[in-house]
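Below you'll find the structure, written out as structure tokens, and then a few comments.
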Amino acid sequence: MWAQDWSNVKDLFLPCKNKPSLDIAPALREQNYTAERMFRVSEEFFTSMGLSPMPEKFWNLSIIEKPKDRTIVCHASAWDFCDSKDFRIKQCTDMTMEDFVTVHHEMGHVEYYIQYKDLHIAFRDGANPGFHEAVGDVISLSVVTPKHMVKIGLLSDSAGKKDSEVDLNYLMSQALSKVAFLPFGYLIDVWRWNVFRGKISSSHYNCEWWKLRSEVQGVQPPNIRSEEDFDPGAKYHIAANVPYMSYFVSYIIQFQFHRALCTAAGEYDPKNPLAKPLHDCDIYRNKKAGDLLKEMLRLGSSKPWPDVMAVITEGNRRMDVSALREYFQPLENWLRKDNKKHGAAVGWKLSKNRSYSVSCMSLLFFFCLQFTDVLDWSVELC
Ligand SMILES: [Zn+2]
């Protein structure tokens with residue numbers, strides 16, 4: 001609905017259509033996975049790196065399945081009860097790849113709570129909100145690699161065999177989650193902050209929303225919208241007043257953290273990325289990476305975030321997209337070639353008397369040109 005994660009339409013975009021894309025849902029069903037088993041597998045990743053297991057209270061008091069006897073808000077969340085003992089997750093877990101990743105995401109929050117639990121209450125928080133969102137996602141970047149899926153028995157040896165074409169399909173599916181998210185993650189709070197500033201008046205809530213959706217994200221509504229509709233209010237984080245920029249920040253810094261941990265683990269060689277590419281790194285069972293991550297998490301918010309970032313990034317104190325670009329380099333190379341081959345144009349334009357044309361953010365340029373031919377830009381803004 002939000003076009004925030006495009007991986008569910010990955011079959012349309014696979015670079016090598018004759019090669020498989022990896023989906024673990026059938027294996028989860030075949031092996032009779034339960035919500036608890038997903039959570040135990042996730043916990044085992046953290047402990048394999050020397051991080052903390054989930055405490056007993058977590059297992060007794062969390063809600064990890066949709067209750068049958070009442071209605072609850074199913075949006076997954078993780079909670080710190082601030083007594084240094086009680087931490088819980090609430091999630092209506094389905095047996096899908098998406099939820100398997102969400103389990104790791106939420107457990108990343110709890111691992112952070114546990115690591116900083118002995119700090120003064122004022123410092124029991126992420127170095128910045130983006131750090132909190134990034135912890136579990138960093139773990140997931142290893143978990144979803146084909147080679148890790150083989151290790152935990154969710155993919156057969158043959159399906160996980162190294163193959164550059166399967167790799168491209170894997171990277172495309174990752175990009176449809178991670179890169180396609182960026183414009184969406186950015187525009188939510190741009191819209192909200194402009195509302196708070198008074199730059200967007202209540203008589204233009206929906207119109208300005210769709211302007212941003214068109215300009216920044218390059219999507220259009222399926223039918224004509226008006227101020228009778230309030231589309232942003234249907235997004236959980238808008239209605240529940242949850243800040244969103246943290247996710248945008250997370251989707252960038254998680255690649256910096258991933259690169260730093262993978263380098264420490266000897267799983268990535270920046271000087272020889274062809275032999276050990278960043279997208280193929282798995283930090284499972286690596287104590288060096290675990291110690292480094294722990295060192296960062298234990299600081300909570302007791303230091304300014306650039307100081308905390310510098311702990312694991314060998315002194316780098318800035319948020320930047322270089323690691324994200326390195327991760328997707330093989331896909332970017334392929335897209336450059338493929339777009340040239342097909343003469344695809346970069347960017348998108350709004351037609352129908354709209355005088356502005358829009359270029360893709362340079363970070364995303366390789367991505368949007370895939371869609372230019374697909375979409376018809378005859379959007380009617382209110
Ligand atoms: Zn989160």
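Every residue gets a Cβ built from N, Cα and C, even glycine.
Marked as N-linked glycosylation site by TrEMBL: N60. Sequence annotations record features per position, and here TrEMBL assigns disulfide bond to C74-C92, C262-C281. If you look up TrEMBL, you'll see H105, H109, E133 marked as Zn(2+) 2 binding site. According to TrEMBL, the feature Zn(2+) 1 binding site maps to H105, H109, E133. Taken from TrEMBL, the feature active site, proton acceptor 2 covers E106. Positions annotated as active site, proton acceptor 1 by TrEMBL: E106. Annotation comment: TrEMBL describes H237 as active site, proton donor 1. According to TrEMBL, the active site, proton donor 2 annotation covers H237.
Feature map: annotations from TrEMBL on the structure.
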residue	record	Cβ within 10 Å
N60	N-linked glycosylation site	9
C74	disulfide bond	15
C92	disulfide bond	16
H105	Zn(2+) 2 binding site	24
E106	active site, proton acceptor 2	23
H109	Zn(2+) 2 binding site	21
E133	Zn(2+) 2 binding site	24
H237	active site, proton donor 1	16
C262	disulfide bond	28
C281	disulfide bond	26
List the recorded positions C74, C92, E133, H237, C281 whose Cβ sits under 6 Å from any atom of ligand 1, in sequence order.
E133
Taking E106 (active site, proton acceptor 2) as the reference, which of N60, E133, H237 (the recorded positions) have a CA within 10 A of its CA?
E133
Among the recorded positions listed as H105, H109, E133, H237, the Cα nearest the Cα of C74 (disulfide bond) belongs to H237
Under a three-state DSSP reduction, the secondary structure at C92 (disulfide bond) is coil
Proximal residue to H105 (Zn(2+) 2 binding site) among disulfide-bonded residues C92, C262, C281 (C-alpha distance):
C92
How big is the Cα-to-Cα gap, in Å, between C92 (disulfide bond) and the residue listed as 'N-linked glycosylation site'?
16
Residues lining the Zn(2+) 1 site besides H105, H109, E133 (CB within 8 A of their CB center) are A78, E106, G108, H132, A134, V135, G136, D137, S250
Residue among recorded positions N60, E133, C262, C281 with Cα closest to the Cα of the residue listed as 'active site, proton donor 1':
E133
When the Cα-Cα distance from H109 (Zn(2+) 2 binding site) is computed for each of the recorded positions N60, C262, C281, which gives the smallest value?
N60
Assigned element (helix, strand, coil) containing E133 (Zn(2+) 2 binding site), judged by DSSP:
helix
Spatially, and counting Cα to Cα, which of the recorded positions is closest to N60 (N-linked glycosylation site)? Options: E133, C262, C281.
E133
DSSP-derived structure type at C74 (disulfide bond), helix or strand or else coil:
coil
